[in-house]
């Protein structure tokens, strides 16, 4: 009984829905019937005759004014549409049509029927888009005092944006501070220094923190749960103060290296002490975590100093030791520093070994990993690659692998080839990058352009094949080939990360929709005709009659038909009729 009642209700519901779907036709015929019945009381015939009389008395100037007014309104709508498209990257009319008119016309039903099946996929894609739009610390970032500031002194331009430096300040507070900093005077001063916006105030605070390292303090060291001892120790020198001075005050890489070595001595002592006490409470555990971050940062920057000063083998050894000592600290992306140093040494076998470990599907990709893999594949075939020969005989297996690797890299970050091929000028890389964005492309090309130039024919192979990637992903914002769809947020984030004098690369390139161009041309042509008709009514009348006579003439129709037949013959390539041959006896 319950099932029968449910079936009856479903049928009744479907009948009601069907009746409401076609109810507008009933209303339409009902309105027509009312108009026919009330035609005499409403004096419809008299009103129609009055309207026709009014239209007959209108002069051509009225129609010209009406046309000009409509063209003006259309032009204003066009200007607003163009402004909205430039600002938000989408058409206002299209957005209103999709968002508001489509649900009224029943377009939501198709999407809602699949909503339950695609809910998990949507959540996964949302999580992926959030992770791809995350801003990452640039593993190859330069030194502020020795490199960024020197660029400012020479050119007068600021290579870093306020947003980028603010992110760096947040990173420093996360890595170099903890809740127990107020117990040590030097760390308390540095905690305030990392929040300071003025560079000179930060440097002064770092010097002040180093001046109080001779203060003695009583440090309580618990041995067992039932007893404690008290011992007097000298407060160690503040390692984070040396870090700040090396980053911002040192004007050369050599000076920065000296300060980082002093920071290493102080940071190593703090790390060993906190390592022994890390299990005695959450406070000591937080101190050990902070000291670990400080030590890893110092060793990594020392390796980068050695790389800058030409001691590349020493830098490679320091990076390998650091990765073995702290294998879980992947947030610094030390393997990207190692890849760049190994490419400088032309140790391509070691580069391949590092890629085999980090070019994994479970790890986040980067332009360094994708383009380094493409460079190694291209190195095997680039010296003998020729576009003409490849078009004649086809691509070999090795060449196909190299082209696929280039397509994979270009799909991940399509901005890099323009910098590697020197189609766009490079600037100093920012301190933070957005993966798959223009900022990451600048950071990669700034350090790896020399490695691509060193491999003979690699840039030629890249030049011949990189644009073929876009044929495989005609709609990159909706669907990718090997990666997730390209994130929409890259342009906005890159504009905040990169300086204003740099022209941000945009992908995919926004093009004006066809209907905007068509509307612009139609409005312009109509306004021009209205203006000419108003100024020269007789001449435009003669011109209009002449055009009508031309289009209505028999010669024009014959010429049009002949042109159509000639075009069809050209497309079909109809051969001429064979000539008859006569044989003589």
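Note: Cβ is positioned from N, Cα and C throughout, glycine not excepted.
Scan Swiss-Prot for N-linked glycosylation site across 47, 110 and the hit is 47. Swiss-Prot assigns the feature transmembrane segment to one of the listed ranges (15-35, 120-140), namely 15-35. Swiss-Prot assigns the feature transmembrane segment to one of the listed ranges (491-511, 512-532, 533-553), namely 512-532.
Of all ranges given (62-82, 83-103), Swiss-Prot attaches the label transmembrane segment to 62-82.
Cα to Cα, residue 47 (N-linked glycosylation site) and residue 386 (phosphoserine) are separated by 80 Å. Most buried of the recorded positions 47, 386, judged by other Cβ atoms within 10 Å, is 386. In the three-state DSSP scheme, residue 386 (phosphoserine) falls into the coil class.
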